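**Q** Here it is, the structure in full.
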Amino acid sequence: MLLTIDDVLTQEELAIARSMLARSAWVSGLVTAGTQAAQVKNNQQVQENDPQIVNLRRLVLGALNRNALFFTATLPEKIVPPFFNRYSGETNHYGFHVDNAMRLLPDGSGYVRTDVSATLFLSDPQEYDGGELVINDTFGQHGVKLQAGSMVIYPSSSIHQVTPVTRGERLACFMFIQSMVRNPDQRRLLYEMDMALLQLRQNIGETPAVVSLTGTYHNLLRQWADS
């Protein structure tokens, strides 16, 4: 399931994030690339030991924690601490690749299974040319270029790329989520059911039928969630 989520960050949070990024130390994006990705990755990211990264991660994770749509779409069990990247000048693209199935946590404490990948845009589209996130799925190819503060989520199994940035600078945050429900089809059905229940509550209230369907949703989640 490919889904965009608007206004994950407030304008104030976005300004704070960009201010911190302006003071950050940048290194080659190859530091987090797998064997295949290293052949096509040409960008920069914030250095792991940079003093800004703790506050940047806290800001993003705090925004995700209050976002109900992010929760219902991903059903997060674990989130790899977010990374921050930059595309500009000579380090301006990331060719087609697939994300590693398992990601080592930055502190080396263990691995997280990548079920869902997410990109949070930190630059507005008019600030740069190119830089589309292009995602392939069973329905074709999708180009995504969102307003700053908005996010796209998609299955980590998807082949995707970032096209060359030919003008300006593209700042973004990317992360990987291990979902409570690893099967993407089951996760999509639960999301669609939750959205339908939300609409029913708005239209007719908490009727006995809505309560019953809510119970069915939670029973399915109970059945499909990893034990």
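Cβ from N, Cα, C; glycine included.
In case it helps, Swiss-Prot gives these features for our protein:
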type: DOMAIN; residues: 78-179; note: domain 'Fe2OG dioxygenase'
type: BINDING; residues: H97, D99, H160; note: Fe cation binding site
type: BINDING; residues: R170; note: 2-oxoglutarate binding site
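Looking at the shown structure, what environment does each listed feature sit in?
**A** Cβ neighbour count for D99 (Fe cation binding site): 20 (other Cβ atoms within 10 Å of its Cβ, all protein chains included).
On its own chain, R170 (2-oxoglutarate binding site) has R86, Y87, S88, S123, E127, Y128, G130, G131, V162 as residues at least 6 apart in sequence with a Cβ closer than 8 Å to its own Cβ.
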**Q** To what whole number does the mean pLDDT across the domain 'Fe2OG dioxygenase' (78-179) round?
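**A** Averaging the confidence scores along the domain 'Fe2OG dioxygenase' (78-179) gives 97.
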**Q** List the helix, strand and coil residue totals of the domain 'Fe2OG dioxygenase' (78-179) as derived from DSSP.
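**A** Split into helix, strand and coil, the domain 'Fe2OG dioxygenase' (78-179) gives 3 helix, 61 strand, 38 coil.
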**Q** Using the CB centroid of H97, D99, H160 as the Fe cation site centre, which other residues of the same chain sit with their CB within 8 A?
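**A** Here the nearby residues are A37, F96, V98, S117, S156, S158, I159, Q161.
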**Q** Within its own chain, what residues at least 6 apart in sequence put their Cβ under 8 Å from the Cβ of H97 (Fe cation binding site), listed in sequence order?
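**A** H97 (Fe cation binding site) has long-range Cβ partners G34, Q36, A37, V40, K41, I159, H160, Q161.
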**Q** Taking the Cβ of H160 (Fe cation binding site) as the centre, how many other Cβ atoms fall within a 10 Å radius?
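**A** H160 (Fe cation binding site) is surrounded by 23 other Cβ atoms within 10 Å.
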